[in-house]
Every structure is written in C-alpha cells, then in structure tokens.
Amino acid sequence: MGLFNVTHPASFLLTGLPGLESFNSWLAGPLCVMYAVALGGNTVILHVVRVEPSLHQPMYYFLSMLSFSDVAMSVATLPTVLRTFCLDARSIPFDACLVQMFFIHSFSMMESGILLAMSFDRYVAICHPLRYATVLTNEIIAGMGCAVTVRSFITLFPLPFLIKRLPICKSNILSHSYCLHPDMMKLACADITINSIYGLFVLISTFGMDLLFIFLSYVLILRSVMVIASHEERLKALNTCVSHISAVLAFYVPMIGVSTVHRFGKHAPRYIHVLMSNVYLFVPPVLNPLIYSVKTKEIRRAIVRMFQRMKM
C-alpha cells in the first residue's frame with residue numbers, strides 16, 4: 001500500500017460561527033469591509049513605497065514585505081470565508097483545503113519573520129546609527145526577505161503530507177471558515193502524535209524564537225536609549241519604534257490569546273474559539289496599514305501626495 005493510500009473525505013465542510021449560523025449573513029458585511037481595508041490599505045502602502053524615492057530605505061522595504069504578507073494572507077482566506085458567510089457554500093475539496101492550510105500557515109510565519117527583521121532594523125538604527133547604511137544594504141535586505149520566505153516554505157512543506165498520511169474518518173466538518181493544521185488533524189482516526197510534535201516544534205522554533213529575539217532587540221534598544229542625556233532625544237528615538245511595537249502586538253497578542261483559549265478555555269463556548277481564531281487571522285492585515293499610515297508621517301505624506309496626483 002502507498003503511503004497516502006488511506007481514507008480521506010472528498011471534501012470538508014467549513015463552519016461559520018457554531019451555534020450562531022443565523023448571524024452569518026450579518027457578519028458578511030463587516031467581513032467585506034475588513035477585507036477591503038486589508039487589501040486596499042496594504043496595496044496602497046506597496047504602491048507608495050515603490051513610486052516614492054524618499055521611501056526607498058530599509059525600514060520601508062521591510063514595511064513593503066509586511067504589507068505583501070498581509071495581502072497574501074487575506075487572499076488565502078478570502079475565498080472560503082466569504083463563500084461561507086455570504087453564500088453559505090461550506091464545501092471545500094480535500095486537496096484545496098491542504099493548499100489553503102499550507103499558504104495560511106506559511107504567510108503567518110513569514111509575517112513573524114518580517115516583524116523580527118523590522119526589529120533588527122530598529123536596533124541598528126538606534127544602537128548603531130553610523131553603521132546603518134553599511135549594515136542594511138539592499139543586498140542584505142533582499143537576503144533577509146528570501147531567508148524568511150525559504151524558512152516558511154521548508155518548515156511547513158511537510159504539513160500537507162503529514163495530514164495526507166492520516167485517515168480522516170471521524171468527521172469532515174472543520175471548526176473554521178478556512179483550513180488549519182490543528183483543526184484537520186483532530187478529525188483523524190489514527191495516532192496524531194507526529195503531527196502534534198511537529199506542530200509544537202514549528203511553533204516554538206519559529207514564532208517562539210522570533211518573539212524572543214524581538215524582545216531581546218528591544219531590551220538592547222532601551223538600554224541604548226537610556227544613556228541618551230536629552231529627554232527629548234529619548235522620546236524621538238523611541239517614537240520611531242511605536243509603529244513596529246504596535247504591529248508586533250497586533251500580531252502576537254491575538255496569537256497568544258488563541259493559544260490560551262484553546263489550552264485553558266476548553267469549557268468556553270465553541271464560537272469563542274472561532275472568534276479568537278478569526279481575530280488572529282484578520283486583525284493584523286487590517287491594523288498594520290492603519291498603524292503605519294497614522295504613526296509614520298513619511299508614509300502619510302506619500303499617500304497624500306499620491307491622491308493629490310490622482311486628482312490632477
């Protein structure tokens with residue numbers, strides 16, 4: 001028998017909000033608005049960074065990578081989420097579900113890696129300003145972007161095969177309006193130890209290590225800032241980090257919340273788990289362009305100039 005010669009359902013059934021199916025149509029409008037903001041806002045940032053020479057700097061190159069990962073994440077979830085909530089079309093083919101699962105986890109990991117790269121950018125800019133231009137060259141930035149992408153692909157490449165080797169026969173109903181590895185493996189009627197161990201390894205070795213190094217970079221940044229004599233200069237230095245800190249919180253707080261609810265909130269209503277998972281996937285792509293547009297005056301000015309040119 002072949003490795004994947006096991007029982008799989010022809011398709012999975014996605015879920016909106018368990019127990020609140022009658023509210024699915026009411027949620028379709030807000031979801032469409034969130035997707036419009038995420039796709040529109042991040043596309044605008046990608047465009048202004050590309051066309052504005054003043055934004056051709058390491059910080060904004062990393063911001064472009066962050067916006068790209070947010071657009072890709074939104075595109076990966078959009079088809080099934082809108083079909084589930086707007087059309088009540090819940091079925092998704094088994095192989096299509098595997099593909100979506102891979103892309104959702106990959107782009108999420110890419111975002112974590114980009115946030116780490118952005119923390120390194122802030123560390124060099126504040127702690128070693130005279131070396132900033134020589135350390136963060138275009139070649140180094142491109143290499144960091146490629147490293148983040150390759151890490152995501154290599155680390156998550158086994159996931160679809162780990163699912164495909166499992167016989168899925170408990171049910172074909174998923175807990176979300178998109179496909180995730182933990183959700184799919186729970187439907188297997190076989191030992192899922194390998195899947196669980198590998199999933200935990202991926203979580204700790206990537207997201208966990210990224211968060212640790214982001215934290216350490218800000219410890220070094222704070223230590224460097226505290227030796228600055230002028231209070232105004234301290235605030236000016238820290239103010240350059242506000243947007244990045246906000247993006248880190250928007251990404252990791254929902255992720256930690258989802259993990260906490262799944263681990264300690266077993267008796268919470270099922271729709272709470274689903275809502276938390278949706279917040280984790282939808283909030284960062286929506287908030288990031290708003291955060292950087294509001295807190296970064298260079299981005300704000302570039303956007304204003306872009307719209308002014310459009311009116312001419």
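Each residue, glycine too, has its Cβ placed from N, Cα and C.
Database features, via TrEMBL:
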type	residues	note
DOMAIN	41-292	domain 'G-protein coupled receptors family 1 profile'
TRANSMEM	26-48	transmembrane segment
TRANSMEM	60-82	transmembrane segment
TRANSMEM	94-120	transmembrane segment
TRANSMEM	140-163	transmembrane segment
TRANSMEM	211-229	transmembrane segment
TRANSMEM	241-259	transmembrane segment
TRANSMEM	271-291	transmembrane segment
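Listed stretches 60-82, 140-163, 211-229, 241-259, 271-291 were compared with the transmembrane segment (94-120); the greatest number of C-beta pairs under 8 angstroms is found for 140-163. Counting Cβ pairs closer than 8 Å and at least 6 residues apart in sequence, the transmembrane segment (26-48) and the transmembrane segment (271-291) reach three or more and so form a contact. Averaged over the domain 'G-protein coupled receptors family 1 profile' (41-292), the predicted model has a pLDDT of 90.
If you look at the transmembrane segment (140-163), the same-chain residues 6 or more away from its ends with a CB under 8 A from one of its CBs are 4, 58, 61-62, 65, 98-99, 101-102, 105-107, 109-110, 113-114, 117, 120, 181, 184-185, 194-195, 198, 202, 205-206. Residues of the same chain lying 6 or more positions beyond the ends of the transmembrane segment (271-291) and with a Cβ under 8 Å from any Cβ of it are 15-20, 31, 34, 37-38, 41-42, 44-45, 66-67, 70-71, 73-74, 77, 104, 108, 111, 175-178, 180, 243, 246-247, 250-251, 254-255, 257-258, 261-262, 265.
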